[in-house]
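Right, I'll just put the structure down here and ask away after.
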């Protein structure tokens, strides 16, 4: 979408890019809500539950803010408020969305892979239960 705006393509490219990104944000949030509903632990069960819900909850809130901001950018693009030279609001939105994505990769590696699952269990098996 950003490349299309910079190349003065205001017809289809940026609209498809923004709609797909908004759709991805909405699907991510719905998957997170589904995960919260089906989790076998709650925020009150353990330190892991508390940290899990705190970190993923704040990230989910930022995804919602980013999705709303993307929707506002789509509306502004539809009304013709962006040009190839003047689109700072759109560019700021893109930077915010990229930051949220990088944070998610970090959270996923920490919360899901290391502390809650695969990597931790692999490490546990290598050392025969003695992780220290």
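Note that Cβ sites are derived from N, Cα and C of the backbone, with glycine treated the same way.
A quick note: this is a predicted structure, and the numbers were derived from the prediction, not measured.
TrEMBL feature annotations, pasted as is:
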- 1-116: domain 'Heme-copper oxidase subunit III family profile' (DOMAIN)
- 12-31: transmembrane segment (TRANSMEM)
- 51-72: transmembrane segment (TRANSMEM)
- 93-115: transmembrane segment (TRANSMEM)
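Give me the structural setting of these features: burial, nearby parts and distances.
Here the transmembrane segment (51-72) has long-range neighbours at 18, 21-22, 25-26, 28-29, 32, 36, 41-43, 93, 96-97, 100, 103-104, 107, 110-111, 115-116, meaning same-chain residues at least 6 beyond its ends whose C-beta is under 8 angstroms from one of its own.
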So what's near the transmembrane segment (12-31) in sequence-distant terms, Cβ-Cβ under 8 Å and 6+ beyond its ends?
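1-5, 60, 63-64, 66-67, 70-71, 73-74, 77-78, 97.
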